[in-house]
Amino acid sequence: MQRRRFSFRIPARLMVVSLILFAIALCSATWAITMGDYPLSLGQVINALAGTGEKFQLLVVREWRLPVAIAAVVFGALLGIGGAIFQSITRNPLGSPDVIGFDAGSYTAVVLVILVLGNTHYWSIAFAAIVGGIVTAFAVYVLAWRKGVQGFRLIIVGIGVSAMLSSVNAYLITRADVEDAMVVGFWSAGSINRITWQSLLPSLVIAAVIIVAAIVLARSLRFMEMGDDVATTLGVKTNSTRLALIVVGVATSALVTAAAGPISFIALVAPQLARRLTKTPGVSLVAAAAMGSALLSCAHLLSLIISSFYRTIPVGLLTVSIGGCYMIWLLLRETRRQYRTGTIR
């Protein structure tokens, strides 16, 4: 009996692009540490990280700003991985947890916890966000099931569920007290500035588990990009593998949403931008993770630059603006492509 051989060869272009993107993410995160109400030089940041700076600088860098910088890099990578998974299994550039509606489910659960139960504790909100995302994913999966789950049907059902949940969220907020509505609004803006070591460390442990699971499933994911028939021929159990991939993809979105609130469109944009830079036939998890890290780190840095001139802007609002522009471009591009191929007239 012949053993299967697993190939871990990575194309040179993909490796170089991924390393450059991760370098951009790290540089942006380091630059962000220098900014804030107490500006620091790069040398002061390096000294503080090495433990040789002044006591107050050590406090600012290592206790206040370093967790936020790490969160930008790690959470961006998770969102990139989640987007790559959903775009691969749906074989559609619009496939991402925020478009399909899982973020809306987390939002609804948090709104219910804050407005109905009156609980604003961080861990209660985080737990509600995770449960809401998982329950919504299960509902979308069941509703999209027709002797299996097809990618296009999953997206359409997810968009419908997202629209319904968004209307429920809007109704609940209109019935809420002003203070509770402000708490919901602040959380829904999506901000990593409130990340502390206490909330980051558990997130890093869970993130490590998610990344390992994604690596284990990466080979099957590449086969499923070729279609269910090809994947089945190659020995992949498509339905169970797709379910496992959905669980991992939902976990990436739920973890980030639980820790920082909904940060939209990174999962949508990162895989496609990475694919165009690497020129690979499919969506690479490594490149998508690197692009997600770079995008979120740069968005966080941009929010700090804007806040130094104007006022604090949550990073989630910036990613929505960037993602909205990207979606318009994507729809126009797809329309032009369909006109060229004669698909629409």
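The first residue you see is number 1, and the count goes up from there.
Positions of Cβ are set from backbone N, Cα and C atoms, glycine also.
In TrEMBL, annotation is done automatically, which means it is predicted and not curated.
TrEMBL tags one of the stretches 7-31, 282-306 as transmembrane segment, and that stretch is 282-306. Most Cβ pairs under 8 Å with the transmembrane segment (123-144) belong to 98-117, among the candidate stretches 98-117, 151-174, 204-223, 312-332.
Contact between the transmembrane segment (243-270) and the transmembrane segment (98-117) is supported by 3 or more Cβ pairs under 8 Å, counting only residues 6 or more apart in sequence. Long-range neighbours of the transmembrane segment (98-117) within the same chain, counting only residues 6 or more positions beyond its ends whose Cβ lies under 8 Å from a Cβ of the stretch, are 86, 124-125, 128-133, 135-137, 139-140, 154-155, 158-162, 165-166, 168-169, 172-173, 175-176, 180, 183-184, 187-188, 250, 253-254, 257-258, 262, 264-265, 267-268.
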